[in-house]
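Participant: Just passing along the structure, written as structure tokens.
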Amino acid sequence: MDIQKIGVVGAGQMGNGIAHVLAVAGYDVLLNDLDADALEKALATIDKNLERQVSRGKLAEADKAAALSRITTTLDLPELGQTDLVIESATERESVKQAIFETLVPHLEPHTILTSNTSSISITRLASGTDRPEKFMGFHFMNPVPIMQLVELIRGIATDKETYDACLKVVEKLGKTAASAEDFPAFIVNRILMPMINEAVYTLYEGVGNVNSIDQSMKLGANHPMGPLELADFIGLDTCLAIMNVLHDGLADTKYRPCPLLTKYVEAGWLGRKTGRGFYDYRGETPVPTR
Ligand code: NAD
């Protein structure tokens, strides 16, 4: 099947990156959010990020203009029913995602493929609430989307081959690389990454190290490009906590229990970069550790 028009639900940090790369690759993008400010901010971010690619000689000015012209925004979710593929990238909460698919289903074209960029929630369970579990799968981008090479493609129990192949073609057209994962909690990347981040928070919680020493240890001692706490702030501490809860509930193993300190930061609304404060305070010139 030929995919040309793609709907993206959620214009947050992931949704805007997804819209960006799809538009650059030549797809028509319809970007939805329930918050008009989020849509406006997303367009400004896409513009800024495209401009950065132009200034680095990675994109021609005309291609930037063409990409921007391919992105349309809407507050009306049912409008996305007219697209060939929907990539849902709203807040990492199952009830939010289920409500989105429930609203969309009556308006979908028969051929429309539904996907979710969820970091951890069961694809099979999300699919079962729709009219087309065979045309439903996980389409998991990494953050920041324009830079990261990998896309995890996750088959639900009912996903058919045609759907998988159509999504694989999109990944290839984006110039990215797909890794196929089975539908178990948090799939591959986050199954391995999140327990490490959670362990870093435990290391902080127990006073084994402070924010600086933990991040420096993993950068210089394990050759990670970012420290785990810096990375957690980048991902969003609410998203990290949500993923740990999915691992804990889904695999029923206490080794996945979220660190109470991670919960406390989320309760405080210190969600990382996106709210200006997390394990670091980003409100000044340079990030300052908060512990
Ligand atoms: P975010 O908080 O930056 O953005 C979420 C957006 O969804 C917000 O703009 C919000 O207004 C919107 N939204 C909420 N409910 C909605 C609804 N009913 N309809 C339309 N829009 C709605 O979050 P994010 O980091 O962009 O994460 C989005 C998804 O991507 C999550 O499922 C997350 O797990 C996944 N993801 C995140 C990362 C990461 O590093 N942050 C990486 C890979 C995947």
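Glycine residues also receive a Cβ, built from the backbone N, Cα and C atoms like all the rest.
All annotation found in TrEMBL is predicted automatically rather than curated by experts.
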Participant: Which one of D33, D35, D160 goes with G10, A11, G12, Q13, M14, G15, E92, K97, S119, N143, K274 at the NAD(+) site, as TrEMBL has it?
Facilitator: D33
Participant: By the DSSP assignment reduced to helix, strand and coil, which category contains H140 (site 'Important for catalytic activity')?
Facilitator: strand
Participant: Which chain-mates of G10 (NAD(+) binding site) that are at least 6 residues away have a CB under 8 A from its CB, listed by sequence?
Facilitator: N32, D33, E88, S89, A90, T91, N117
Participant: Taking helix as H, G and I and strand as E and B in DSSP, count the residues of the domain '3-hydroxyacyl-CoA dehydrogenase C-terminal' (187-282) in helix, strand and coil.
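Facilitator: Summed by class, the stretch gives 66 helix, 4 strand, 26 coil.
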Participant: Please compute the mean pLDDT of the model over the domain '3-hydroxyacyl-CoA dehydrogenase NAD binding' (5-183).
Facilitator: 97
